[in-house]
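Asker: Shown below is the structure under consideration.
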Amino acid sequence: MPSPQLLVLFGSQTGTAQDVSERLGREARRRRLGCRVQALDSYPVVNLINEPLVIFVCATTGQGDPPDNMKNFWRFIFRKNLPSTALCQMDFAILGLGDSSYAKFNFVAKKLHRRLLQLGGSALLPVCLGDDQHELGPDAAVDPWLRDLWDRVLGLYPPPPGLTEIPPGVPLPSKFTLLFLQEAPSTGSEGQRVAHPGSQEPPSESKPFLAPMISNQRVTGPSHFQDVRLIEFDISGSSISFAAGDVVLIQPSNSAAHVQQFCQVLGLDPDQLFTLQPREPDVSSPTRLPQPCSMRHLVSHYLDIASVPRRSFFELLACLSLHELEREKLLEFSSAQGQEELFEYCNRPHRTILEVLCDFPHTAAAIPPDYLLDLIPAIRPRAFSIASSLLTHPSRLQILVAVVQFQTRLKEPRRGLCSSWLASLDPGQGPVRVPLWVRPGSLAFPETPDTPVIMVGPGTGVAPFRAAIQERVAQGQTGNFLFFGCRWRDQDFYWEAEWQELEKRDCLTLVPAFSREQPPALFSALQEQKVYVQHRLRELGSLVWELLDRQGAYFYLAGNAKSMPADVSEALMSIFQEEGGLCSPDAAAYLARLQRTRRFQTETWA
C-alpha cells in the first residue's frame, strides 16, 4: 500500500504555528513521507473529504479566537449543514499552541478536535496542548507528542522497503536555488510589486500601496517612559476604503546598518543580483520578491534578521556548519536536552538572528545562499487599528503607534522592528513611502442611529474608538461613551483636546482613569490601589446597566490581552449583579448572551 500524502494545515498569528508546521514537513520528508504544508485559508477546504491524513497546527489568539489566516476555514467547518460522515475517511491529529495564563487556553485546538470527531474524522492522538508559559515553551509538549505521532503514522503507513530515514545531521535540499547574474539585466528595474495610484484593484500583501507619510508626531510628553506616535498617511488614488474597526497592515524593513552587518558576516555582496528558482514543482517563489532581486533588497525587505530565532533555525544552522566547535554548540541548542540552555541564551534576552550569526562567525560565513530562505523567516506585516475616519479625514489614514523598546541583559536595547522603523521615518527630511493595505477588523459598530456604544480603550487601545467616534459623530450619532485609561493626564492622554471639544458639543461622554495620579484627598485613605478603567466602570455601574439593559447599547473593549479583558469582564459581572439584581450564574449568562449577539466585542493583542 503506497504511503499517502500527509497534509499539514496551520493557523498562525505570530509565526509559531507556521514554524511548527514547517518542522512537521521536514520531519515527514526525513521519514520519506510526501508532505504539503499550507495555511488553512489558502487550502480549498471542500477538498478535505478526499484527504486521508491531516495534521492541524492551530494557535489560539486574543480571547479564544482563531488566527486571521484560518477564519474562513473556521466559519466553514462549523456550518450546521455539514453531514456527520463528511470526514469519515480522514485520520487527523491536532497540535495546539496557546498560553495557559489566558482563560481560553488552546480553545481553538480543543474546539476543532471536537468538531472533526463530530464530522466522522478519526483522531490519531489526543490534542497536543503547547504552552507558552512552560519554562521550555511549547516544545515541552510538542516534542513528545511528535514522537508519538510518527510512531502512529509510520505504523499505519510504513515507508517503502529499502528507503531509510534521512539522518538529522544531513541537511534536506533547500526550497530554492539562487541563480546569480553576472551582469545587471538590460531591461526592467528592481522594485517591490505595488498597487499603483488609480488602480481599481485594492492593495494587498502581494501588492501593497506605497502610501506617502504626511506626518509623524510624538504624542506622549517628553518625560514619559514610552514614545507613542500619531502617524498620518495620504491614501489618495489607492482605492483603499475602510470603516471604523478596520485594520491597516504595514510591511516594515530592516535598518540599513543591520543589512550591512548581515551581508558582512555572511560575506555577501549587497548589490549582487539573482533570480529565485523553486526546486519543487508545487513551491512558488515569494510574490513579495522581484525577479531579478538584489541581495540588499532580499535582506532589507524580506528576511527577518531582527527576530528571535526559533529552534528550527539552530537545527538547520547545525546541519550547515563546517566548524567543529560551533557545530557542537548548535547541535546542543537544537536538541531536546538543550532547550533550557537555548532559552537562556536566546529567548530570555531576546537575542536576534543577526546577533546569533555574529556569535557563530565561522558557520555564518559558510552558509550557502540557497539556504537563506529556509533558515530565516520572512518579515511579517504588522497590524494597527486605524485611528481615523474617512468622513472626518478624507484621503487620509492615521495610526497610533507605541514604539517598542526595552532592555534585557544584552548591551543593546531590544527594539520592535516595525514600530522603530516607523518612528525613524521623517517626512520633513524628504518623501517617505510606506507599503500598506487594509483588511476588516474584528470590531463592527451598529448601523442604527440611536444605538448607544460603550467603548473601553486604555492606552493605545483607544485608537479604533477614535475612528468610531469620528464616524458616528459625522453621521449624527451622539450616544458615545468612552472609558479611557492612561498613566498621567499631562503625559499620555491621547487626543484630550479633541475629546473635550466633542463633550462640549454633547457628542461624547468621556470617563478617564489616570492610574498614576493621586486620587482626591477624600478618597486617598480608602483607595490605595491605582485607578483603572474597570474601577471607573464600577463607579458608573448604574449608567452602564441602564445603557446595556434598557437602551440596547453595544459594549467594546480594545487593548492589551493580558489581564485587562478579564478585569473588565469581572467589573461587568459585578454591575449585572449589583445593578441588575442578577445572581452569579444569570450574570454570566447575560454576559455570554451579549457576546453571542455581538453586543460585546473585543480586539486585544499580546
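Even glycines carry a Cβ here, placed using N, Cα and C.
Copied straight from TrEMBL:
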type    : residues                                                               : note
BINDING : 12-17, 59-62, 97-106, ASP132                                           : FMN binding site
BINDING : ARG382, ALA383, PHE384, SER385, GLY416, LEU417, CYS418, SER419, TRP605 : FAD binding site
BINDING : THR460, SER515, ARG516, LYS530, VAL531, TYR532, VAL533, GLN534, ASP567 : NADP(+) binding site
DOMAIN  : 6-150                                                                  : domain 'Flavodoxin-like'
DOMAIN  : 206-447                                                                : domain 'FAD-binding FR-type'
REGION  : 188-207                                                                : region 'Disordered'
Asker: Tell me which of the binding-site residues ARG382, ARG516 sits in the most Cβ-dense spot, judged by other Cβ atoms within 10 Å.
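Answerer: Counting Cβ neighbours within 10 Å, the top one is ARG382.
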Asker: Would you mind ranking the binding-site residues ALA59, VAL531, VAL533 by how many other Cβ atoms sit within 10 Å of each Cβ and giving me the lowest?
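Answerer: Counting other Cβ atoms within 10 Å of each of the binding-site residues ALA59, VAL531, VAL533, the minimum falls on VAL531.
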Asker: Check the domain 'Flavodoxin-like' (6-150) for me and report the mean pLDDT.
Answerer: 91
Asker: Cα distance, ARG382 (FAD binding site) to GLY15 (FMN binding site), nearest Å?
Answerer: 12
Asker: When the Cα of GLY62 (FMN binding site) is compared with the Cα of each of the binding-site residues PHE384, THR460, VAL531, VAL533, TRP605, which one is closest?
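Answerer: Its closest listed neighbour, by Cα, is TRP605.
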Asker: Near PHE384 (FAD binding site), which residues of its own chain have a C-beta under 8 A away, given they sit six or more steps off in sequence?
Answerer: VAL247, VAL248, LEU249, ILE250, ILE399, LEU400, VAL401, ALA463
Asker: Considering the binding-site residues TYR102, PHE105, TRP605, which residue's Cβ sits among the greatest number of other Cβ atoms within 10 Å?
Answerer: TYR102
Asker: Given the binding-site residues GLY15, GLY62, GLY416, which one has the fewest other C-beta atoms within 10 angstroms of its C-beta?
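Answerer: Lowest Cβ count within 10 Å among the binding-site residues (GLY15, GLY62, GLY416) is GLY15.
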Asker: I'd like the number of other C-beta atoms within 10 A of the C-beta of ASP567 (NADP(+) binding site), please.
Answerer: 15
